[in-house]
Amino acid sequence: MAEIKVDPVDDHTMVIPETEISAQKPHRTLRVASLDIFRGLTVALMILVDDAGGEWPMIGHAPWHGCNLADFVMPFFLFIVGMAIPLALKRIPSKGKAVKKVVFRTLKLLFWGLLLQGGFSHAPDKLTYGVDMQMIRFCGILQRIAFAYLVVALAEIFLKDAQSNDIAAGYCSVFRLYCWHWLLGACILILYLAMLYGIYVPDWQFAVHDKESAVYGRVFAVDCNVRGKLNPPCNAVGYIDREILGINHLYLKPAWRRAKACTDNSPYEGPFKNDAPSWCHAPFEPEGILSSISAVLSTIIGVHFGHVLVHLKGHSERLKQWIMMGFALLILGIVLHFTHAIPLNKQLYTFSYVCVTSGAAALVFSAIYILVDIWGLKYMFVPLKWIGMNAMLVYVMAAEGIFAGFINGWYYEDPHSTLVYWIEKHIFIGVWNSRRVGILLYVIFAEILFWAIIAGILHRFGIYWKL
């Protein structure tokens, strides 16, 4: 399904004109290095927050309202996907070929999403595989990316007319050129808000299917009978997923389990309080249906940044557009949150969350663009560039723990007596005499830096895993 290609050309290449790099030929195709680096940074952040977040909960997902470092990873990915769409599709003149490519890539993303996050893979800690089809998880990171990519890529193909490569540098010029994209975004936002605040959520009940839970098999009831609530048990996002996907197909260990209402160890994980609300034991899908509809907005904003990159040729014109929009989104999201109009919430993918994370993505990318494409400081970010050029490989092997699971399969006497555990315990935790510091350093050096080196070696031989 995925391809291992020996091919130096990627989807986000663009023409560098003579006016920008006089030494280059006018139509030479080069990669956008800052986009590779931003993608690599996002993959590295995912590994960091997934594998070190348990010991450092301030970088893990916020239990409910709020926004920690981990909560920026998904919208950063969606923003990057959006930016790459105009760069990839501009090189495909036929709409039919473009649609075929988009649909085929979507199907491959869905396949890998179900395989890696549907419950089939138990890596890296459990040396088993397989999933009960009655309990398979339908949604996940790659599934959400696939949905957003499909919607926005098809919009890019069908909602634009023949465009001129060079347009006026005015702030609204790119907005006017792609007004139908923004109309689609407005429709998505209206639909999302109407459903989030308009759908009635009745009482519901569930049985605990997590075999590791102390209350496995017990049935709990949750009282709701409300409309427009954004609390954990009674929001429309969870209700839609329970009704359409089925409660048995949702994520069993949502971040809200670390909420103060559920455990005295908050923000760390820990045993539930004796008087914890029943919903603390419930499953919840953080990449569910309604929240994924809202997530498309992150990709649409990313597409706008890609359009600016394609149409505006000067660095100053590009940065003016990106930075102004980034600050505008960031300020709007913060105002919505702190005025209690719409709280920041990754699980619900609220509009304020879209604004803050997209604004942050815009500013981070702009900073990388200045450092790399204007100041030429590429060598500082070479490891991140290597990761970004082989992002799928690093995601599967490191972020999803497939490589560590393979290594753990070779143990001595006890499944916890493996090379991975030995390195973690004796080289990192033991040396620093601190589990928190040791785990953090292990993730940085034995996972992120290790895979950066592997990706660099593969880059040296022109080998990339692409979807």
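Cβ coordinates are placed from backbone N, Cα and C, and glycine is handled just like the others.
If you look up TrEMBL, you'll see 69-90 (among others) marked as transmembrane segment.
If one looks beyond the transmembrane segment (102-121) by at least 6 residues along the same chain, the residues whose Cβ comes under 8 Å of a Cβ in the stretch are 1-2, 129-132, 135-138, 140-143, 145-147, 149-150, 153-154, 157, 396, 400, 402, 405, 467. TrEMBL lists 102-121 (among others) with the feature transmembrane segment.
If you look up TrEMBL, you'll see 141-159 (among others) marked as transmembrane segment. When Cβ-Cβ distances below 8 Å are used as the criterion, the transmembrane segment (141-159) is approached by residues 74, 77-78, 81-82, 85-86, 89, 95, 98-99, 102-103, 105-107, 109-110, 112-114, 116-117, 178, 180-181, 184, 287, 292, 295-296, 298-300, 303 of the same chain, each at least six residues removed from its ends.
Remote same-chain partners of the transmembrane segment (180-200), defined as residues 6 or more beyond its termini with a Cβ less than 8 Å from a stretch Cβ, comprise 155-156, 159-160, 226-228, 230, 235-237, 239-240, 290, 293-294, 296-297, 300-301, 303-304, 348, 350-351. Among the features that TrEMBL reports, transmembrane segment is placed at 180-200 (among others).
Per TrEMBL, the feature transmembrane segment maps to 289-310 (among others). If one looks beyond the transmembrane segment (289-310) by at least 6 residues along the same chain, the residues whose Cβ comes under 8 Å of a Cβ in the stretch are 14, 32, 74-75, 78-87, 90, 139, 143-144, 147-149, 151-152, 155-156, 165, 174-175, 177-178, 181-182, 184-185, 188-189, 191-192, 195-196, 236-237, 240-241, 244-245, 318, 321-322, 325, 329, 347-351, 354, 357-358, 361-362, 365.
According to TrEMBL, the transmembrane segment annotation covers 322-342 (among others).
The annotation transmembrane segment is assigned in TrEMBL to 348-372 (among others).
Taken from TrEMBL, the feature transmembrane segment applies to 393-412 (among others).
Summarising the annotation, TrEMBL assigns transmembrane segment to 439-458 (among others). With a threshold of 8 Å between CB atoms, the same-chain residues lying at least 6 positions outside the transmembrane segment (439-458) that come near it are 40, 44, 47-48, 51-52, 54-56, 382-384, 386-387, 389-390, 393-394, 397-398, 423-424, 427-429, 432, 464.
Away from its own ends, the transmembrane segment (322-342) comes close to residues 171, 301, 304-305, 308, 350-363, 365-366, 369 of its chain (Cβ-Cβ under 8 Å, at least six residues beyond either end).
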